[in-house]
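Trainee: The following block contains the structure, expressed as structure tokens.
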Amino acid sequence: MHIFVFILYAVILFLGAQFINREDWPNLLGFTCTAHFIFFLSFRYLDRLNLKTLILFAVFYRVILIGIEPKLSDDFYRFLWDGYLVYEGYNPFFWNPVEWLSQNGNPSEEMVYLFSRMNSPHYYSVYPSVLQSLFFLPWAFEITSLFWQTFFLQSCLFLFELINIFLTYKIKPTLAHSSYWVYWGNPLVIWEGISQIHPEPIIVTLLLVCILLYRLRRFSGISFVFPFLLQVKMNLIFLLPGIFFSIPKKYRISLLVFLIFSLVVLAFTVFGEYGAQSSQGIGLFLHSFRFHSLFESPIYYFLRIFDRLEYLSGTISLITGGCVYLYLVSRYKLDLSASFFFGYLCLLLFSPVIHPWYSLPLIALALERTNTLPWIRAFSFFCGLSYLFYGVKFESFGLIFLFLESIVYLWIIYGKQSFNYLRQKT
């Protein structure tokens, strides 16, 4: 029976990646619920598998998705677009796609197709230089077929996922199988990290490398790896207080030196056109974009009472989250793993935008905190369901979704102990 469950899970993961459609909400709801149901069911049979077999299943689930064109996200069209601009010697941060096409009247068929499929032709690229280097590689190897470009990028992310499977075990080899499986077998991690070509597996790798270096007391390595991480995801500077308070004081100067260098690189690349990035780039995530926001939502609806102030909700929410995180790391003696977990948790909870793939690092960072894993599994489920926002046109759907999500989280965190308390009292 247990082998059947794990093989059935592979079939559902493959079919979901192949046929799932975010605009077709019944299809999306069916595949997401089925995949997570089998994922939750698989925990009952983990004790019947040894660790090597579990790793083989985790690897197998990822391998079978390589080569499937992303269906849930169209970001990869922009990835390939940016890569082509870098390959041709253009700065992807100075040209949005509409501007580039207007200046280049005879684009290739590949570029016309990518332009027709991307969802952000008027926005400037927000992907830092390390990611641009990855996007550049398919063109550098003269891969022009969309299938093989997809295959190449997915294969690169697959290699990072192999490293992540190794690192999650290496950092804490004494965890129960069920703890590892929260990341290794999670359908959201597998779909988003491989088939949808989101770069979060790279982020997970670098965060886990920092934690491993911390455990080995190689603090000088952390001083280099974390600033390098900002060239993959800029908003992870949010985690800086956690590192600053976790490492010995004598290593903080080298951390700041490498950090300043990384910020200078960002200033001359991503923010080379600061005004454009503020209005039609990274600034949109603060004042215009909202998706599956949690703690930011009450701030947004409160500010709507006042005339035209709701655009401040993202900034206010992130500042609030930053203050909460700063208090935690300054008040309590946390190791780097705990600092990263609570920092990334604050970043997500207070962010105005929580795309499903944003949760992958949090899932990886939670494995050592076994008391949080039931909530993490529920959180990954709701993150997967958040794609429903694209297909369900009911005006109040977002509020209903947030209400139900909050009820589930409160039950997981407080419900069982409250129920047991009331049962004892009665």
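Placement of Cβ uses the backbone N, Cα and C atoms for every residue, glycine included.
The structure displayed is predicted, hence computed values, not measured ones.
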Trainee: Pick from 129-148, 309-328: which stretch is listed in TrEMBL under transmembrane segment?
Mentor: 309-328
Trainee: Residue list, the transmembrane segment (53-72) vs rest of chain: Cβ under 8 Å, 6 or more residues beyond ends.
Mentor: 6, 9-10, 13-14, 17-22, 46, 146-147, 150-151, 154-155, 158, 161-162, 165, 177, 180-181, 184-185, 190-197, 356, 387
Trainee: Going along the chain, which residues at least six beyond the ends of the transmembrane segment (253-272) come within the CB cut-off of under 8 Å?
Mentor: 91, 93-94, 125-126, 128-129, 220, 222-224, 226-228, 230-231, 234, 240, 243-244, 247, 281-282
Trainee: In terms of Cβ proximity under 8 Å, which residues at least six beyond the ends of the transmembrane segment (372-390) contact it?
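Mentor: For the transmembrane segment (372-390), the nonlocal Cβ contacts are 22-23, 25, 28-29, 32, 35-36, 39-40, 72, 178-179, 182, 186-189, 191, 291-292, 341, 354-356, 358-359, 362-363, 366, 397-398, 401, 405, 408-409, 412-413.
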